[in-house]
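*Asks:* Before I ask anything, here is the structure I am working with.
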Amino acid sequence: MTVKRILIVSGTHGNEINPIWAVKQFNREENKFKNGIEYEYIIGNPIAYEKGCRYIDADLNRSFKASKNYDQHKNSFYETNRANFLVDEFGIDGSKPCQIAIDLHTTTANMGTSIVLYGRRLKDFCLAALLQNKFGLPIYLHEKDEAQTGFLVEAWPCGLVIEIGAVAQNFYDPKIIDRFSLIISSLREEIDKLKNNLIELPKELVVHVHQGSIDYPRDEKGDIDGLIHPERINQDWKMIKKGDPLFLDSQGIIHKYDGDQLIWPVFIGEVAYREKKIAMSYTKKEVIFSKEKWVQEFASL
């Protein structure tokens, strides 16, 4: 493995402040290098962080190349310019090229500590498998959703998102910060083991594959007219079958899941997703058997 530099990003969304605090503990000279690998720790969206908001003009994590934001607002939105800067500075062909990007996020949903992957890149599978094997973390595999594109880690040859919640926006939670610190330390250790061929992959990777998203009930004006059903609150990753309640509207009517397939919900009630008209996303569970090629692909970095 020839990885020489790894990018650790916090504050991609400016009001997700816990990973920024955790990263400060690592962004010191003694932590910059580990066994020949240089770690770059940056705040993804510093202006939004200063203002305590998610973004200035557009979601930075939807503003990299191949996104609608990038195509339509290349020269006018702060976030698209920031995305270009990050790629020019830290992209594989940048002035400080990084082979791997790790993007740290929090959520107001009860997701626990989880991994988010975008697509089925073998290098990403390799890194995610090691973390899942060590901590038992659930994996949300997001793919084939044309409404959501341009994610940060997709701009690097290898990368994943660490998502931790539930925690309110702009609220420091020591337990959440400790979880980020543990994950960052473990990632550094696992990458070091990979570099020295001291690792064995688990036999399989369990993923929850994105299938779609569900909006809140709405009235004729388009305003939200229902709440997440009490039985569904804080039940991320818990299976839903036909007939299970999803929402309770203003008339007291229960809106039930009417699909025939079993689904597993994620990001239930995520505050930031209201503007995207998403009350929750739903997934199907899939088991992917590990392949030696994953390690070979990772070693090629």
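Cβ coordinates are placed from backbone N, Cα and C, and glycine is handled just like the others.
Dumping what Swiss-Prot says about this protein:
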BINDING   His13, Glu16, His105  Zn(2+) binding site
BINDING   Arg54, Asn61, Arg62, Glu163, Tyr273  substrate binding site
*Asks:* Cβ within 8 Å of the substrate site's Cβ centroid: which residues qualify beyond Arg54, Asn61, Arg62, Glu163, Tyr273?
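*Replies:* Here the nearby residues are Thr12, His13, Asp59, His105, Ala272.
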*Asks:* What subset of the binding-site residues Arg54, Asn61, Arg62, Tyr273 lies within 10 angstroms of Glu16 (Zn(2+) binding site), using C-alpha positions?
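*Replies:* Correct set: Arg54.
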*Asks:* Any idea what the Cα distance is from Tyr273 (substrate binding site) over to His13 (Zn(2+) binding site), rounded to a whole Å?
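*Replies:* Distance between the two Cα atoms comes out at 13 Å.
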*Asks:* Round to the nearest Å and give the CA-to-CA distance linking Arg54 (substrate binding site) with His13 (Zn(2+) binding site).
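*Replies:* His13 (Zn(2+) binding site) has its Cα 5 Å from the Cα of Arg54 (substrate binding site).
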*Asks:* Work through the binding-site residues one by one (Glu16, Glu163) and point out the residue whose CB has the fewest other CB atoms within 10 angstroms.
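*Replies:* Ranked by other Cβ atoms within 10 Å, the binding-site residues Glu16, Glu163 bottom out at Glu163.
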*Asks:* Using a 10 Å radius around its CB, how many other CB atoms surround Arg62 (substrate binding site)?
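*Replies:* A 10 Å sphere around the Cβ of Arg62 (substrate binding site) contains 21 other Cβ atoms.
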*Asks:* Specify the count of other C-beta atoms within 10 Å of the C-beta of His105 (Zn(2+) binding site).
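*Replies:* So the number of other Cβ atoms within 10 Å of His105 (Zn(2+) binding site) is 25.
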*Asks:* What's the number of neighbouring CB atoms sitting within 10 A of the CB on His13 (Zn(2+) binding site)?
*Replies:* 24
*Asks:* Give me the count of other Cβ atoms within 10 A of the Cβ belonging to Arg54 (substrate binding site).
*Replies:* 21
*Asks:* Reported as an integer number of Å, what is the Cα distance between His13 (Zn(2+) binding site) and Asn61 (substrate binding site)?
*Replies:* 8
*Asks:* In whole Å, how far does the CA atom of Asn61 (substrate binding site) lie from that of His105 (Zn(2+) binding site)?
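*Replies:* Each residue's Cα considered, Asn61 (substrate binding site) and His105 (Zn(2+) binding site) end up 10 Å apart.
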*Asks:* Taking DSSP three-state, what's His105 (Zn(2+) binding site) in: helix, strand or coil?
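*Replies:* In three-state terms, His105 (Zn(2+) binding site) counts as strand.
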